[in-house]
Each structure stands twice: as C-alpha cells, then as structure tokens.
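To keep things clear, I will list the structure first and then write my remarks on it.
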Amino acid sequence: MKKLNSMVLLAALSVGTATYGQNSIIPKPQKITVQQSVYNFNNISIQSSKAIPEAVYLQKQLKSITGQDYKLSPKANVTFTLLKKDAKQKDGYYTLTINEKGINISGYDNQGLFYGVQTLLQLVEEHKTDLKIPYLEIEDYPKFAYRGMMLDVSRHFFNAEEVKNYLDYLAAYKYNKFHWHLTDDQGWRIEIKKYPKLTEVGAWRDGSQVGRYIDMKFDDKRYGGFYTQEQIKDVVAYAKKLHIDVIPEIEMPGHALAALASYPNLGCTDGPFKVGKTWGVMDDIFCPKEETFKFLEGVIDEVVPLFPYKYIHIGGDEAPKKRWKESQFAQDLIKKLNLKDELHLQSYFITRMEKYINSKGKQIIGWDEILEGGLAPNATVMSWTGIEGGIHAAKTGHKAIMTPTSTNYFDYYQGSPDTEPIAIGGDLRLPKVYAYNPIPKELTPEQAKYIWGTQGNLWTEYILDFKHVQHMIFPRMMALSEVAWGTSNPNEYKNFEGRVIQHFKILDRKGVDYSKAIYEVDGKSMAKDGKIFFNLTSANQPENIRYTTDGSEPTLQSNVYSKPIEVNKTMTVKAAYFENGKKASAVTSQDFLITKSTGKKITLEKQPSEAYSTGGAASLVDGIRGNMKNHGKSWLGFSGKDVVATIDFGAKTDFTSVQFSTLERPGSWIYWPSSAKVYVSDNGTDFKEVKGVDAATIQQSNGVVVMSFPKQTAQFIKVEIKNIGKIADGKAGAGNNAWLFVDEIAVN
C-alpha cells in the first residue's frame, strides 16, 4: 500500500471544469453566488495571526496542491476575520468572499474559519490548471451539530498514522466527530496502566476468522496491537487541529471477552476465557459484581484525561443475558435491588456507570440497547438497529445520533458482491446514503431538536488493511457529509454524482482506493404482461453499455443496449460499460431461471421490512435467485415474520415441485426458516396441503429448498415459510427477532 501524505490527501478534494458557474464542492454550501470574473491565485499572500492557526494550515495545503510557496504576512490578500459571536448562528458558520479586493474567510469561531479554508482548498484544486478562481460569495453552516464517522480498530487494528489519515478524510468533508471503537471481544486497543494485562493479553488473539462467517474457517496467526497513552494523546491533539472531537468507546457490559481473557475474575463463570477469534456476539459478558465496577471505574479514570471531549461511548449493545440468568450472584442481585429481570439489571449496570462517568465531568453515549430496562438519566442514544431508538430518545427528551444499519453502515456492500471486495453483507449503494434523512417523520418539530446528528460506521471484521478502509468509506462518506451538512437533495442526486466523479480524479492522483460501483451496470428485472424484462442502467450514458445473452463476455462488438431485454428462456445476461473504446466497469452477470411461476401474479400476506423490500413480492417470481454471497437487495427480508406467498397462474396449471431460496447469516441475525409448506387451490380461498419440510431438511438444503410431490393441477399455489421467531440464547442476536430472508419461488 502506498504511503500517503495524509495532511494533503483530501483537504482539497475537487476537480472540475473551469466553467465558472459550476463547482464540485462537497458538501454543497448552503448559499453560493458565482460571478464570471476571476481572481488570479498565483500571486497571493496569507494573513498571519497567532489567533488564526488556520492560516498556517492553509499555507501547507496550498503548497501541496500547487507546489508554490505562499508567504504569511500581516498585510495580505487572503484575510481572515473573526466575527463577534452571534448566538443565533450555528457553530461552524463561515463566509467566503472572492472579489477584486482579494479573498476573505470570516467566521464566528476558528472552526468556521477552518471550514472556509476547506472550501477554498476545494476551489483551488478545481481550478488547479490555471489557478484562476471565480469571484463568488458563500454563506455556509452545518444543519446538524454532530457529524460523525466511526472506525472499529478492535476486529482489525490500524496504527496511529492510519488513524490520522482517517481524520484527514473527515476534516476534508467537514465532519466534526470521530468515534473510536477501542474495545471489543476480539481485541482491547487502549493502554490502561493500572491494568497492564489488558494490552499484554487482551490486545492479542491466537487467530482470526477467514472469509465469510458461514464458512467458519480460521487461521492460527497471532494478531493484535494497541495504542499507548502517548499515541492516543498525539492522535487527539492532531484531531483538535482539524476541529474534530474524539469519542472513545469502552464496551460494557457486553463485547467484553478481551477484558475477561485478561482478568477472568470479572466474569460470571470461572472461564477459561480467550480473546475472540470469531465475529458475532459472545455469551460471556461483564458480571455485575463490585470488583467489575471497580475495574471499570479504574479504566474510566485513565480514559477521562486522555480525551478532553465531554462524551464517552459505553457501548451497551448486544449483551446476551445467558450468563446472568445462570449466575446465582446475578439472580440474587436482581432480587436484592428489586429489579424485574436481566434487562433491568443491564439498566442498573449502565446507570451506575453513567453516574460515575458524570462525576468525572463526562456524559455517556450508548447504542440503542441501553433503552432496554429503562434509559439512564443523562444518556445520549446512538440509534443503530433502526430509527425507533432515536425516536424514543427524542420523544423522552434525550439526544439521539442516527446511524441505522440500512443507510449508515459502510461495512455493507456498495456494489455487486461479484466485483466488490468481501464485506459483512447487506447492500448500501451511494444513492441510498444520499437520500437518507436523519430526522424521522414521526417527530414533531420540537422533538426533532433532540436529533443531534448522524454518523457513518465502519466495522472491520472483513477489513484487513487500510486500503480496504479507504475503499469502504469512499465515496459513501461524501454522501453522508452532505446529508449531515443539510444540503443533500435526493432529487438532485445526478448533480451530486457528477461532483463525486470529479473527486475521483483527486483520489486517483493521491493513490487512495475507492469503490467504482458508481460506474457499475445495474440490472433490474421487471414483469410486464406476464413477460420478464431486464432493464440495464449506469451512472453515465446508457448507450455505452454492451451486453450478451449467451453467457459470453461483452466486447465493443456486442449488442448496444437501447431498451429492456426480454428474457424468454433460461439464460445468462452479461453487460459492461465502455468508454473511450475500453471496458470501464466490471462485468455485470445475471443468471435467469425461467419456470412456470416466473412473471406470474403474486401476493404476500405480510410485507417485508422496508430495508429489505426491493422489488416487493414480484421479486420472488422475477427469474433471479438471491445472491448467496450477501443479504442485499436480491432478497426480501422479514423481521420476526413468516412468509406466506400466493401465486396465481391465471389458469389451471400442472406442476410437481416448488423450490425457494433462503439464507443463513447468524452474525447478521439471519436464520434458516423452521419449516415450509406448499398448498394448492382452484379458487384462491380453499387450500389443501400437498407438501411440507422441517428444519432439518432446510438446513441440509444449502439455501435452495426443493419440495417435490405427485403432479398437481391448480390455478393457485401458496407457499408458507416459517420464521423461527425470537433468536435463542447462545446465538448471535439472542432475544431479538430473527430475520428470515427469502427469494425466488420456482414452480416446475
């Protein structure tokens, strides 16, 4: 991997045409007026002032972009103005004016000046060829006070310099919060001098899971690392210069296996405990004993002085209660404290730690599971399992940070799993991130004030190196930056996409990896008049798409795409985008399985969850099987609900088998169905059962369940697929609704 000059990397990230009425600034400013006249940037000097360190920052970045030395001088044509504080203006407010008098950046604080510098640097980069910047006036400010990105360094470790690079990316897009996930089952990454075993033992594991979760393969390589307190101070100081607050996460009471391996006395059993090698959720969590609280208080005592920002993230998520249910101590404590159950014991645990953290002058943030059993008095909720946690927090007067999996989890695939590097699963494309609105429609304007902001999360189970980190956050963090700034408009996505493509040129020049899924040829199956058609789209001109229907690789001599392709038999369609006589995208390949149910009318008794509803019921008979590599848009997902699908053939039809595709990904709480049955009917009302399969049969199916039976003749067929309901203790997601993922119902 190339060593990057991170200070330069994305402080100015925009390349565009020299058309002065256009710009490629991300996030888009709130207000901008551009004129035809231009300012020559070749002969400038920068105002110097001890009160404005942003001037020195600007000087260094400009030299990196242009190669020129720019002087710092009391009298200069690039000036800074600190305005008298106005309580009506939001933190980060700035103006940028370029006219015949020179360039001025004004703000009510240094943070605002810094954001003005970032915008100016983007303009310089955009007009780098001639350094003639258009006259303009910008008035700009963020909508949300919390604009964050998270990096998980526990599953895979990234050194301090790489973390600084990550901070540079955040600064370039005007993010102001860095959530540092420092502890988990798979590694403890922060030096605590009072408890040296945390880094002697807890920072290292004897191997790691390799490949997909379901394969359960492991290597035996010792893996780990940690940050010394001096390194943490250095990173925090670096972030401060970039006007980024650093929020450490110390997980409790769950995700604690690395700590338990270091100090086994903190568990509810005698162990033995080992630092986690596999991903997912572990049953062993902190036991609510006095020695556990003393330990955590000791940890907090050392964390507090390292991180000057007033918030500490305490996790609180995915804490199975199995060990507490089995522990006589925990059960006695529940009785002693007159608590209802283990959920309320977790509330006691979190509330007690919150009180201690508050005594140190800090506030807590926790994942939305801290709502279970009652929310701690001063807690901020980070809503990840959906938006409900944030809604509940806001309605009860607590601040909420919105980071739902469906729009903010950047460890999900952002393009086809066939062409993208391995990811945890899911499907989160750039348009979906850009269309996200952090304020739920269920909230009143007064309640919406408690929505503090939004955050992108990068969990790193499948991200082994920093190049992969870059690939997963770019370009999606560009989209979220505009969402957080408050200037995104889903109706103007094409404009945003064009700006992103310009930014790619800088990423290329800097050697930064990014996903090219934006160029990907996307295919969508659709039914019309009982026929199936395959529609191809691309971010650019569709006439540049070439395709084949015989499974061969597309070339310049292949069919030019002009209209949806009729799929009238089992076939493989392959397509690619061509530019300047060369293939510019990966090849999109889609297999079609045409059966008696393909394109027929289908209804569902219960609808899939919104996050996994692409194509609706029709996607179950569109001729496309779900992709077994991930649980993305090719699947319908049902949370805690059964699937009951009825197909109408339009006339009596003979058939002898029904098959459907399903998926199991325990780490994502997706489990095999418990059973499946087939029913037939002549009138759509009176059904009789003709076949059923049990859980064992489904588990042996490898995801394609086939139910064969003597020949039936009927107009209607009903397929019932049972969800297991609540996830059992000892499994990932225990106590939560299981996801049931289903696709293509094929009748033969």
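Backbone N, Cα and C define each Cβ position, glycine as well.
For Glu318 (active site, proton donor), the number of other Cβ atoms no farther than 10 Å from its own Cβ, over all displayed protein chains, is 22. Following the DSSP three-state reduction, the secondary structure of Glu318 (active site, proton donor) is coil. Under the heading active site, proton donor, TrEMBL lists Glu318.
Per TrEMBL, the feature domain 'Beta-hexosaminidase bacterial type N-terminal' maps to 24-141.
Residues or ranges marked as domain 'Glycoside hydrolase family 20 catalytic' in TrEMBL: 144-486.
Residue counts for the domain 'GH29D-like beta-sandwich' (534-589) under DSSP, split into helix (H, G, I), strand (E, B) and coil, are 3 helix, 27 strand, 26 coil. Per TrEMBL, the feature domain 'GH29D-like beta-sandwich' maps to 534-589.
The predicted model assigns the domain 'F5/8 type C' (609-723) a mean pLDDT of 93. What TrEMBL records for 609-723 is domain 'F5/8 type C'.
What TrEMBL lists as signal peptide is 1-20.
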Across the domain 'Beta-hexosaminidase bacterial type N-terminal' (24-141), DSSP labelling yields 30 helix, 42 strand, 46 coil
